[in-house]
C-alpha cells in the first residue's frame, strides 16, 4: 500500500437532503439522470447532475417496501430490488411487481445488470449474522440461477470492460471475490479471493475505464481504488463514516458519485460527521465506461401505484 495517493479535498456535497441509507447510485443514460435508493425508506430517487457537481433531486418515488437497488432499461423502465421480489417502475411512474423470489428473514440488497442484461442481486439477513446469503442471477425469461449460497452479506457487483471477469463483495467477511464470467450463457467460473481487509467493511463497488476497482469502505469514511493486481492506488476521504456505494455518472462518465448513510451511527458520531447521509461527487481524473442496461422481464403480475 506504499505510495497510494490520499485525496482529502475536492469533494462536493451534492445533495441538500440527508438519507438514512443511500445506496446503489447509477447513471441513467435514457433520461441523463443520477438514480439511487434510500433502502429502508423504500425510495427510488433521481436527479440532474449540475456543472458544479451538485445533484438537483427531481423525483422521489416510494415503492412501499425496502428498495435495495435500482437498474434501468433502454426504454426507461426502472427495475427495483424490493424486499423479496423485483418491482418495475414504468416510464409513467406506475409500480408493478413480479412474484416473490426470496422469503423469510432476509431481503434483497445490491444488484446490477450483467453485460447481457440479466439482473444479478444478492441478499442479506434481517435477523442477525448469517453465512447462507445468496447471490442470484435472474435471466431475461424470469428464470433464476443461484451463483453463491454461502455469503454473509452480499454487496457490490461489477464486471470488467471486456465482460470476462466478475467481482462481488461479501461484506462481513471483508472479502472481494473474482471469477470468470461467460456473458453468452451467464455461467461463472471458479471463485477466488481478490481482496481482503483488516479494517472497515467493503460495500459498493464500480470499475473504471482502466480496469481499476473503486470500493466504498463502510465504517472508514473512505473510497479506495485498487489496480487489477489488487494494489491500493488511491484513497478518497469522505466526511461520513459509512460510505456505502459509488458510480461514475454524467454524460462523459467522468464524475464519481458517492452515497453515504446515517444508519448505525450514534448521536455523538452524527454530531461529529453531520454530512452523513448526503451524496458527494468528485472529479477523479479518470472515467467509467457505459454500464449494462436491464433487458426487461415478463409482464409483472401485480400492479400498485407508487407515491412521490
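Note: Cβ is positioned from N, Cα and C throughout, glycine not excepted.
TrEMBL lists 21-262 with the feature domain 'SMP-30/Gluconolactonase/LRE-like region'.
For residue 23 (divalent metal cation binding site), the count of additional Cβ atoms within 10 Å of its Cβ stands at 25 [all protein chains shown]. Residue 23 (divalent metal cation binding site) falls within a strand segment according to DSSP. Positions annotated as divalent metal cation binding site by TrEMBL: 23, 155, 203.
Per TrEMBL, the feature substrate binding site maps to 107, 109. In the shown protein chains, 26 other C-beta atoms lie within 10 A of the C-beta of residue 109 (substrate binding site). DSSP assigns residue 109 (substrate binding site) to a strand segment in the three-state reduction.
Taken from TrEMBL, the feature active site, proton donor/acceptor covers 203. Taking Cβ-Cβ distances under 8 Å and a sequence gap of 6 or more within the same chain, the neighbours of residue 203 (divalent metal cation binding site) are 155, 156, 169, 171, 215, 216, 217, 218, 243, 244, 245.
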For the binding-site residues 107, 155, work out the Cβ neighbour count at 10 Å and name the residue with the minimum. 107
One should report the C-alpha separation between residue 107 (substrate binding site) and residue 23 (divalent metal cation binding site), rounded to whole angstrom, as 15
Here the Cα-Cα span from residue 109 (substrate binding site) to residue 23 (divalent metal cation binding site), rounded to a whole number of angstrom, reaches 9
Tell me, what is the mean pLDDT of the domain 'SMP-30/Gluconolactonase/LRE-like region' (21-262)? 97
Could you name the residues, excluding 23, 155, 203, of the same chain that surround the divalent metal cation site, i.e. Cβ within 8 Å of the Cβ centre of those residues, in sequence order? 24, 109, 110, 156, 169, 171, 204, 216, 218, 244, 245
